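A.B. asks: Attaching a single structure in structure tokens format; questions to follow.
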Amino acid sequence: MEREMLSKTHIMFIPFPAQGHMSPMMQFAKRLAWKGLRITIVLPAQIRDFMQITNPLINTECISFDFDKDDGMPYSMQAYMGVVKLKVTNKLSDLLEKQRTNGYPVNLLVVDSLYPSRVEMCHQLGVKGAPFFTHSCAVGAIYYNARLGKLKIPPEEGLTSVSLPSIPLLGRDDLPIIRTGTFPDLFEHLGNQFSDLDKADWIFFNTFDKLENEEAKWLSSQWPITSIGPLIPSMYLDKQLPNDKDNGINFYKADVGSCIKWLDAKDPGSVVYASFGSVKHNLGDDYMDEVAWGLLHSKYHFIWVVIESERTKLSSDFLAEAEAEEKGLIVSWCPQLQVLSHKSIGSFMTHCGWNSTVEALSLGVPMVALPQQFDQPANAKYIVDVWQIGVRVPIGEEGVVLRGEVANCIKDVMEGEIGDELRGNALKWKGLAVEAMEKGGSSDKNIDEFISKLVSS
């Protein structure tokens, strides 16, 4: 395909302003820019300072998501997202006109699936539209079946298991957990991600065919989805994109030097990396305390990411003993990909967010699963029972993990026959992840086919 035709094809990305949503979309944008397309990413003005976009082929525009004083705080997720949609639509219209005037008309808007009526919005603006999903195909199938009324979330009393098309039998504890908090209709909004997919020009999922073969096939029987993952920096996978070593976005400042220096001094496969994601996870004091002592009682070295707002939950006794035994390094943030790919890392204790799951799987790191909410329990089900690359810490009667169980699960992953089997499986999936993104791999071919259709349309 001629480079000139590619460079005249313009894709604009509209991410949802959260790190877990922006990172995979940024990776997709970088890959398309490397393949020759013109790319513009629309950033919320409030977070532009967190972005590190050095690729000259990626352009940025800013819009503000500020609410006017008269807006107040909408009473529901639907009302909130409705206001966001109105503001985004109005400002996108101006941005699209600006691009046309400058000689770079936009051919396609790739929009985070959380925005309501995304495809309708794109078509109203006279541009093709493609929702971008940041969860797995399996979770997409669960949410969609719930939208159809085939199951309820939270599940009804007495329900012990659920059977759904393409999905392994799910126990009650494998279903998504929605802690609604401010927005009691949050789950309804998640279901509404599927409201206009029949009108979409493309639908993108951050997964790959061999990872979710049956689940992707089932979703494809409903809509024309495209698997384009795993979306992590190329230097950790296929190495096609020169110097693509990070996601280019960090909402928190990481002390890279001290993390890597500490890991460099440890033996290969001897360290547990623990992190529960980029969003405040609201673990109770008792829960944090049990995790902390479980890490210490495992007798393995550990590096634990505890964001500043959660650090006060760590007891002085734990901190003193961890320092005395020189077993742990507690940091407010760290470069996760660099850490997971470090030779000293033997396992990853994770909340099972989809990005973290994909990163660990792609780097061949077995997991200790501690799912908290949203799609995480379903991801943990796949980590343990489907891909067989981790163990799940059981929850006690009070809804809190116990330190002994935490320590035992760490030992299961780090040593013995179970650990050997999990590491072997993790390395197998690492190879398949690389294969998907290599030239001619399943996701690489899917991306090339998408580009060809877009350019010729």
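Positions of Cβ are set from backbone N, Cα and C atoms, glycine also.
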A.B. asks: Looking at Swiss-Prot, Thr134, His351, Trp354, Asn355, Ser356, Glu359, Asp375, Gln376 are annotated for UDP-alpha-D-glucose. Which of Gln99, Gln193, Gln336, Gln338 sits in that same site?
C.D. replies: Gln336
A.B. asks: In Å, rounded, how far does the Cα of Asp112 (active site, charge relay) sit from the Cα of His21 (active site, proton acceptor)?
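C.D. replies: One finds 8 Å between the Cα atoms of these residues.
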A.B. asks: Looking only at His21, His351, the recorded positions on record, which one has the least crowded Cβ, with the fewest other Cβ atoms within 10 Å?
C.D. replies: His21
A.B. asks: Under a criterion of Cβ-Cβ distance under 8 Å and sequence separation of at least 6, what residues of the same chain contact Glu359 (UDP-alpha-D-glucose binding site)?
C.D. replies: Pro230, Ile232, Gln336, Leu337, Leu340
A.B. asks: Tell me, if you would, which residue among Thr134, Asn355, Gln376 (binding-site residues) has the fewest other CB atoms within 10 Å in the structure shown?
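C.D. replies: Minimum Cβ neighbour count within 10 Å, taken over the binding-site residues Thr134, Asn355, Gln376, occurs at Asn355.
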A.B. asks: Between Thr134 (UDP-alpha-D-glucose binding site) and His21 (active site, proton acceptor), what C-alpha distance do you get in Å?
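C.D. replies: Per the Cα atoms, Thr134 (UDP-alpha-D-glucose binding site) and His21 (active site, proton acceptor) stand 6 Å apart.
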A.B. asks: Roughly how many Å lie between the Cα atoms of Asn355 (UDP-alpha-D-glucose binding site) and His21 (active site, proton acceptor), rounded to a whole value?
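C.D. replies: Cα to Cα, Asn355 (UDP-alpha-D-glucose binding site) and His21 (active site, proton acceptor) are separated by 9 Å.
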